[in-house]
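For reference, the structure is listed below as structure tokens.
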Amino acid sequence: MIRKRPNDRSTNRQQRSTLFQKCTNLRALKQVHASMVVHGFNSNHSALGELIFASAMVISGTIGYAHKLFDHITEPNTFMWNTMIRGSAQSLKPLNAVVLYTQMEKRGSRPDDFTFPFILKACTKLCWVKMGMGIHGKVMRFGFQSNASVRNTLIDFHAKCGDLRVATALFDGSAKRDVVAWSALTAGYARRGKLDAARRLFDEMPVKDLVSWNVMITGYTKQGEMESARKLFDEVPRRDVVTWNAMIAGYVRCGFIEQALQMFEEMTSLGEKPDEVTMLSLLSACADIGELEIGERIHSSLLEMGSGEISIIHGNALIDMYSKCGSIERAIEVFQGMREKDVSSWNSVIGGLAFHGHAEESVNLFEEMRRLKVRPDGITFVGVLVACSHAGKVEDGRGYFSLMRNEYKIKPNIKHYGCMVDLLGRAGLLDEAFDCIGNMEMQPNAIVWRTLLGACKVHGNVELGRRANERLLDIRGDESGDFVLLSNIYASRGEWHGAEEVRKLMDDIGVKKEPGFSIVEADDSALKHFCFYSKSKSNRGC
DNA sequence: TTAGGGTTAG
């Protein structure tokens with residue numbers, strides 16, 4: 001009897017799969033590709049598809065290589081298109097997924113039931129409502145609306161960025177609702193702050209899994225309802241790193257740093273391994289309380305976790321932590337060591353320098369950013385204007401303000417105006433500062449008026465100070481600090497009668513000046529508890 | 001090869 005020889009194609013496939021399993025970085029991927037070229041597999045669509053999959057989905061940071069490979073394929077198959085759209089949707093540039101989908105349509109490639117969940121994910125990430133609606137139309141046209149994955153992604157899209165009513169109608173109209181549909185809708189209600197509706201859905205869910213619990217807990221933490229979150233957290237049948245991260249991030253966001261650190265301690269003592277997201281929340285906590293030492297330890301841990309590489313998001317958080325903890329040199333070091341930077345990296349370092357009085361360096365970095373053709377955003381200009389204001393560079397500040405409007409077409413927000421008022425006010429250009437407030441496209445807030453009031457105090461302008469105070473009173477009549485400031489303006493000019501009048505007015509309308517206080521770190525018990533999860537730190541005895 | 005949960009700055 002002649003034994004059937006193993007199918008050549010399947011043997012090759014097995015060999016390639018083994019090869020791809022060994023691919024853990026770009027170098028290995030390129031070697032596999034080179035061997036494919038040598039062995040004549042470079043035109044084999046199945047092999048190329050796997051190569052694209054490895055570089056777009058499996059190995060992190062190699063989506064760029066996937067694009068290069070893909071661009072050389074004259075007729076990509078649907079699997080390749082799907083892989084590229086999926087990889088782009090989950091990358092830092094989800095916009096590329098939309099570009100790819102558009103190209104796919106133009107080139108006459110027919111999308112399948114895998115294409116739609118991927119492209120919809122990109123629309124959700126970008127919150128591109130019109131595009132998502134268009135895709136919804138395509139789903140209907142191609143008849144994929146009954147596919148569970150497609151329908152669930154549509155529910156998720158509408159719940160997060162479209163219309164909750166559409167999401168609910170899709171959910172209600174489903175013949176079968178699985179746990180994903182329930183959780184997607186619950187998450188949508190929770191995200192929009194409709195916690196009661198979310199909770200009703202959560203309670204009605206016929207089956208709950210870990211994600212459903214995490215959705216509801218996160219819903220509470222994001223709205224600052226930490227007590228409800230904690231209650232659910234204590235009831236949850238099983239926890240994973242996301243459950244812990246949601247609680248830790250919630251406590252940090254609410255400013256309950258001690259609880260966040262206690263939760264972290266509990267997490268590690270129960271054997272749950274923290275991940276990069278945990279570290280991000282902890283960095284934020286360190287930045288909030290100025291805890292440099294723990295921040296440095298998180299930095300070391302991140303270097304270990306990423307084998308010496310630090311992601312953009314962590315780099316940005318580290319820059320923020322170091323600058324808020326007063327170590328601007330380390331912040332710059334992190335910034336300079338980052339292989340990849342985004343606009344937030346520049347913003348963090350430009351803002352950090354500006355707020356720490358390094359105006360010259362801050363502005364220089366901004367100029368370098370422009371030279372490198374990195375497009376600044378509104379936040380960049382807040383940093384630059386703060387730098388100009390601190391350095392008393394009125395002309396430069398004016399120039400950057402108009403650059404922002406005219407060249408970058410960024411509409412100034414209240415913070416930009418606040419910076420301009422501060423800049424002009426510090427320089428003693430009080431009338432101009434007053435006019436600047438008058439020219440704002442939005443209602444000035446108390447901060448803006450208070451900035452002007454402060455400048456009036458410094459420059460002893462009683463008349464404008466009085467006017468600023470009147471406006472301030474309209475906005476918030478119960479802030480004693482503003483009265484004190486006005487009273488001090490009178491006093492600094494020797495106008496004791498005016499000063500006395502303001503104090504009397506405070507008494508009349510019942511404004512009490514709170515006694516001043518300083519925070520003195522008397523007990524670092526929460527930090528003493530801080531047991532840092534790191535292999536190399538385990539010998540530190542914590 | 002699909003779908004739902006956690007993350008920095010301002």
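The backbone N, Cα and C atoms fix where each Cβ goes, glycine too.
What you see is a predicted model, and the numbers here were worked out from it, not measured in a lab.
Sequence annotations record features per position, and here TrEMBL assigns repeat 'PPR' to A:77-111, A:178-212, A:240-274, A:311-341, A:342-376.
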How does the repeat 'PPR' (A:342-376) divide up by DSSP, counting helix, then strand, then coil residues?
26 helix, 0 strand, 9 coil
Given a Cβ distance threshold of under 8 angstroms, which distant residues of the chain, six or more beyond its ends, lie next to the repeat 'PPR' (A:77-111)?
45, 48-49, 52-53, 55-57, 63, 66-67, 70, 118-119, 121-123, 125-126, 128, 131, 135, 138, 142, 312, 342
What are the helix, strand and coil residue counts for the repeat 'PPR' (A:240-274) according to DSSP?
26 helix, 0 strand, 9 coil
Going by DSSP, how much of the repeat 'PPR' (A:178-212) is helix, how much is strand and how much is coil, in residues?
26 helix, 0 strand, 9 coil
